[in-house]
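Chemist: I'd like to ask some things about the structure below.
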Amino acid sequence: PLPYSSFTSSSVYARGYGAGYAKLNRKQGAGGWSPLDTDRYQWLQVDLGSRKQVVAIVTQGRYGSSDWTSKYRLLYSDTQKNWRPYLQDGNIWTFEGNVNSEGIVRHGLQHTILAHYIRFIPVDWSRKGRIGVRLELYGCSYWADVISFDGHGVISYRFRSKKIKMVKDVISLKFRTTAGDGVLLHGEGQQGDYISLELRRATLQLSINLGSNQYGSIQGHTYVTSGSLLDDDHWHSVVIERYRKNVNFTLDHHTQQFRTNGEFDHLDLDYEISFGGLPESAKPSSGGRGNFVGCMEGITYNGDNITNLVRRKKVDTSSFRNLTFSCAESNSFSVFFNSTSFLRLPGQSDSDTLSVSLSFRTWNPNGLLMFTPLADGWVEVGMTEGKVTVYMNVTQKKNTRIDISSGSGLNDGQWHSVHLNALENYAMLTVDGDEASTVRTAIPIQIQTGGTYYFGGNFLLTNTRSLQRSFQGCMQMIHIDDHLADLRALEQGLIGTFENISLDMCAIIDRCVPNHCEHGGRCSQTWDTFNCNCSGTGYTGATCHTSMYQQSCEEYKHQGKSSGSYWIDPDGSGSISPFRVNCDMTEEKIWTMLKNNLSPQTSVTSADQEGKAVLQITYNVTDEQVNNDALDPVNLLHTAANERHSYWGGSGPGIKKCSCGIEHNCTDPKHYCHCDADLRTWREDAGLLVYKDHLPVSQVVVGDTSRAGSEAKLTIGPLKCQGDRNFWNAASFTSPASYLHFPSFRGETSTDISFYFKTSSTHGVFLENLGTSDFLHIELKGGSMVIFSFDVGSERVELSVHSPVPLNDDQWHRVEAEKNIKEAVLQLNGQYKDIRATPPQGHTKLEFYSELYVGASSGRRGFLGCMRALKINGVTFDLEERAQVTPGVNPGCQGHCSSYGMHCRNGGKCVEQYNGYTCDCSLTAYDGPFCTDDVGGYFETGTLVRYDFLPEGGTLALQEVKSISGVGVPRQTNLTQEELMFSFSTSSAPTILVYISSRTQDYLAVVLRHNGTLQIRYSLGGLTEPYTIDVDHRNMANGQPHSVNITRNLREIRLQLDHYSVSTYTLPEASDTQFNLVKSIFLGKVFETGQIDPILIERYNTPGFVGCLSRVQLNSVAPLKAALRSGLAAPVSTHGILVPSNCGASPLTISPMASASDPWHVEAAGAVFPSNKDKASGDGVDRNAAIIGGIISMVIFTVLCIMVFVIRHMFRHKGSYHTNEAKGAESADCADAAIIVNDPAFTETIDESKKEWFI
């Protein structure tokens, strides 16, 4: 136990309250220490007798009293000078103390304190009494050899052999200095290997090179930096651990892991390694770097204690002038200012000369350094936008204001000196001792000093108009009238006054080291906080943690996006950066495509000495990006390590044949590829590479290219993968007591959680973590509110978002939660958001969550419903796999149509699937994944389409016709209401567009008359002449697309043309209202054997319709679609030539957001990543472009079918290709069929993937 004399304090309340009584559980004296004044200037100091390692502290209040300390800080020092605050989480740490006089509160220190003296600083105390404390420190002894370096001496540790070749190194040391530059260690070899550790601008830089080749193509130079403000005259610990190319670089508990550049593993050093500077044998190219000035201790190199060897004189220290084994005390005395501080010091009064100098360090660009009143006026020295500015205001006779400034970027945290000297008729301002840059200005009026100097900006003077700008930072070496101010006398109360300053310490903190801005975000800081600039990174948020982009093409599709080029980020906030892909959403399956660097039909040239041409294939992504599991939803793509395979597209591993060799139809039966036939004409070997483990292709080798008369061309299509299994990875919770248990997950300083849910319940816990000290919880409350709560240290943070619409509507909703060192964000459905600042202390406690429960494990009501796509810190949690072994939880989820059914347009029906939904377009005149693609055709002269309704007793029942044809036929054939819709474009008239016949004399006809106007003819019986509707106001045979919608209900007929308003007509009372026995639908021309209106035949049926028809639908029957889709078994026939076309009709698309304002679309203005070279594209529809697109759509379609995803190779002799594949596939010389059948991976790929994975 420490004696009474080891305890000292700032003051003592009374006898018996002395510092020596402040021992845990002691009752002597007044039962603890209490100071005279209860304020923040009080301290209790413990002398540990020598340097000790302190690992924990325990506190109590004063015995039997109302005095205790509820919050406190710790300072430590080796010399009772230059105190250092205990830091944790990048902040001056405030410990939670006592709430009564007898309770014991223990805190283990996250970082061990190594010091001789400890100071206990009360920050908050009992409101019922005053400051009071009893305490105890826990730790162990410490001893190390200390060596003082004066800038001349260098320790040279000679190796036992002239050269060493090390595969593993461990180097450690501690250093302390006030110099910002200097070499700590250095070693090098003749072959260019070296290792160097040095200070540069108070930052530590480790440089290492394991070797570069003589041609310079392999560069091994590697350097990393760590720490900042290391010239603070405190001890800093460094450990360098290297095994081959892997290096751990640790500075003061912060470890950086990196790999060295180049291809070599050994560090080859010659003769020696030096500490404290460069040895005499160092190469001149090492530069004129200065030696280290300061102290080192505990130097070890690969198990050898260098400092101990120096003490025993086993190491060369001849360069030292005076070798000492102690560390000299620093004479500097710093003053630490916060935003409420000021310091007042005296100086000469009534003097005509003013001289003030000081050193400062700060992060703030603005602040008042010094202010002094003059007999007439005042002078102030401050910081303005990182420059030192001087304002002199002399009010004698007339106001005279003089402004001068110097320097730039002085708010960089480094020490900078300022000297202001005002003489009889001029003033000089010098920054950082640079006399050459001294700023001079004339003073027209002589000054007269006032004798009082204020430092820091938080002072109040009523007789001045000075700007009160508080200074946050440190000052030292304050000179007034060329005399160094005695700040120790200030501390003892002998001179000057001060308020809210900390003496003999500089508690500056670099909040950007380590950098909390993720993904390459740029950090900037002030004294109190830091900010991240995320521009150009692809991420957003306070720490650039959250990705701006969706994880896959699948997710874009279900936001209503269409095919195009998009940025995706498969792992969200993970380490893989976003990259651009092409998303093909035209089919039911969503395709993600990665293009390569090889142009189509690339000529194979540049053969090597063996006559082979090697073509390197690269993609616009890294290996890490293409190997991501989210991009590769069914584990199709794997990167590799240069494994060679000898087979071609359309074949399989080990077969050594092209597809024609397997099918026995090669040009020359003696060979197994078309291109092996020595012919003068071009031949092609093409096919799909679908063996999953061998993708992507990274290299293609083509043989025999140097032979005269031999020529080859190569095409490799894009890499293609389908879907996103993570997006649909779901589980259904059927009991409020059910939950999924995941043993652990790593939560970094920044943690993000996202998932989709749907439920009909009003309450339920989505997920939670219930550790002993950690807490995280997300729940649904009241059917319309989501709550996110978590602990930061001893504080609980809660965020809530209220939805204006119910969340228990059994539709999908998305929750995104993020917490980082600055703030917490909760977002619902991408639009409703709550943001809260997080407490500055306690973030490191959240680095590990012990267990995660999806659902409620604490007895509360768990979540009832479906959850999918749960992702935490970029990692998708496999809900389906865990649900398979968990009672009360089922894998997968049904009911996607309730959320996404609105995407099925034009009468398309949403169909549930296990992992999503599809749109059934069979009862519509449209096609495509969302039933938005027009189905139409171009009619030449004489072309007609006939669709027949089968009689009730025919060979096929109506129900069977409906199911087989895929297009609905109404059960009733006597219609009292019908809806006819179609679009057309033509330049010829007169003509019949649509004619609907019956087994009676009833019919409906839509025709264009001679002048191009539209006429609708209804004949339902009861009238002598058909009822006609004439639209006389416009010529519709103008080559433009037009749409027609005719709806009849009994006698009421509603007609809509194009975008015009609806017109209403009424059948005469004498007319029948029933369309009897509908028989056929004719398009383009009528060819009917029964009775037919002779006027139609005479005026409109010859020569027939020439032009385009599309979107033709009568109720649920789509005759034109049935005619154009060969896969549909329908009672439809076509006469003449019918060419598929959409007739230039405006495509119907799902567009919830204009592309110009859509941040996800790569062409959106301002949203292009990472460059902004792409032009913004508008959202308007260019009708002329649409017409042109319709005309050439078939050409584009044909070209794409030929070019995309097909590998073509024309050559005289077979080649081989390389993959980057890690697994070695063993090829056996066996029968082709045996290889294909016996290899399950290849069998699976061929069976499942002929249409899915193309290259």
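Cβ atoms here come from the backbone N, Cα and C positions, even for glycine.
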Chemist: Of the candidates Cys866, Cys910, Cys919, Cys921, which does TrEMBL name as forming a disulfide with Cys893?
Modeler: Cys866
Chemist: For the domain 'F5/8 type C' (1-140), what are the DSSP-based totals of helix, strand and coil residues?
Modeler: 6 helix, 69 strand, 65 coil
Chemist: In sequence order, which same-chain residues at least six apart have a C-beta under 8 angstroms from Cys866 (disulfide bond)?
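Modeler: Counting only residues 6 or more apart in sequence, the Cβ neighbours of Cys866 (disulfide bond) under 8 Å are Ala730, Ala731, Ser732, Phe733, Phe757, Lys758, Thr759, Cys893, Gly895.
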Chemist: Same-chain Cβ contacts of the domain 'EGF-like' (894-932) under 8 Å, 6 or more residues past its ends?
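Modeler: Counting only partners 6 or more residues beyond its ends, the domain 'EGF-like' (894-932) has Cβ contacts under 8 Å with 557-558, 560, 585-588, 725, 728, 730, 732, 758, 809-812, 866, 966-968, 981-982, 1110-1113, 1116, 1118, 1120-1121, 1125, 1147-1150.
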Chemist: With helix taken as DSSP H, G or I, strand as E or B and everything else coil, how many residues of the domain 'EGF-like' (894-932) land in each class?
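Modeler: Split by secondary structure, the domain 'EGF-like' (894-932) comes out as 7 helix, 12 strand, 20 coil.
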Chemist: Can you count helix, strand and coil residues in the domain 'Fibrinogen C-terminal' (544-596) using DSSP?
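Modeler: Residue counts for the domain 'Fibrinogen C-terminal' (544-596) by secondary structure: 5 helix, 18 strand, 30 coil.
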